[in-house]
């Protein structure tokens, strides 16, 4: 029997090692392929963006035959790590007045007009391109391209004529040997690396729909391959690091099991049998056989066996209860969180469903934990939730949901609940809590309070939470377990009061402005500030979210935004500033034709001051109301006002969608920059945004940078400004 047990144990160990190896290899493959595919996609985008960028830059220099600048661009391209070499092939030799003046070292005034241009016939001939200011040089058959092309031309201005000679070097780039980077990769790596990027990409040089040459980019996948290889090596070492200790553990654990469940029990049974032979009777020590089912037949007739099984079952049940309790604690009581609450609230706003919002807090939670300990406090919270859920079940005809915001704060959203029902509901919760839960736990007094308000018609989550917190504070001030419910009529009174306050502020222009979120260059220069309206409500500040919602309901949002802009203009006039002021606008305002008319008039009268203003729209709003946003940007482009997208996320508005929208600034959301110094994927995303912005003449800002390591990394990139 011992031999069979040992063989079976060894088979189990080998089987476990094989399963572990398979799972390890599977996860290795999943992580590696996921990283490789994401890196490949980002690399392809980087290749394409770099090629487009350098093609655009080369077009500007080739037409001038600016050999020095072209060589610098080629050097910059090679420095990206994506491009090995660049070749320029000209099918047509095209130039204009700017080319001639650029090639004339003694003259640089481009305001003169070109009168005539000639060359020696031995070089070839020059032809004017129809309907353009460009000329084409057609070389003679015997023209030596190793010599510079000499041109004579005349310029005139204000009845004055000047003659010049320009020499153009038609050989823009010298052929250089491509330096191939080499690295010895592990042979096994080649089986996993199966990415293929085009070796050569050719782009046309186009001028006024005329293809006059090509740029050939020789791509280098060394950087991509090296990055994938480094990640492969890390995973390989991680796999080895996990596998070797696991095998060692299984080996010694097998020896431990062998000693505990085979060697010692057999020796013990041998002693018991020897004692029986000698008529020495004793109870079998059940601890010796715990978990050893192989000995079941040997001990089946012993009276203690049933006790042992009962003990094991009881122990398993206790462990099961403990696991279930821990699972509940780990899942935060099984209630929905604030994100689900936000979704449900937005659904109520869209469907115009009325109801009540209840805020329940367990006061003095730290004191409760000191009195009962952590485990008992967790059990107390579960009991609290169970009592609340039991009350909710009493209202079967209502749609009521409970949410947990944090340790001591709970929100209940009750749809189609009226004031009297809300009073009854809150009363039942407080009564059930005070009558039942104090019996089981050592608790301080006055810890259960409820505040409730009706859902207000303006659909602002922050304003509703502010109101319900005010009601909770009133309930708390009463000094005993209880609640404070705002009646619908009183809620309507609050709404009317807010409407009157908003109307008064806007109609009397009774507010001033300040600035927040100052953005600086990495050199410390202030480049942009965000305007903040100061909306005073007595000694308090009127919440901007509620203010905007009420103003839109009263159709006063355009007037308010107009006054904000005029105050910004006055500030610019009275202060000599050399930075931009970002003004946030709502989508409802920018879709108003009268607002566009106002902007046109503003620009015509304040052109010197408007240049300091940047209008700001959130990435979410631009995506949700894309057509309105596109039309507004087109209007701003036409009248010369700049536009900024704030809190930009590629998942809301992709770079492809921005190609044909001429924005001026992108302010990247902190989600894309947080912990960027240690995130390869985020690094690629930010670099792609920066390259896209450079191609499309867009300035990139980042906001709320908290980590010094993130700041140091971002300092290396071509960013316009940063807010810390």
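Here the Cβ of each residue, glycine as well, is placed from N, Cα and C on the backbone.
Features as listed in TrEMBL:
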DOMAIN    356-488  domain 'GGDEF'
DOMAIN    484-724  domain 'EAL'
TRANSMEM  12-32  transmembrane segment
TRANSMEM  231-253  transmembrane segment
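Note on the domain 'GGDEF' (356-488): DSSP counts are 68 helix, 31 strand, 34 coil. Within its own chain, the transmembrane segment (12-32) has Cβ neighbours under 8 Å at 192, 231-232, 235-236, 239, 242-243, 246-247, 250-251, 254, counting only residues six or more beyond its boundaries. Over the domain 'EAL' (484-724) the predicted model carries a mean pLDDT of 89.
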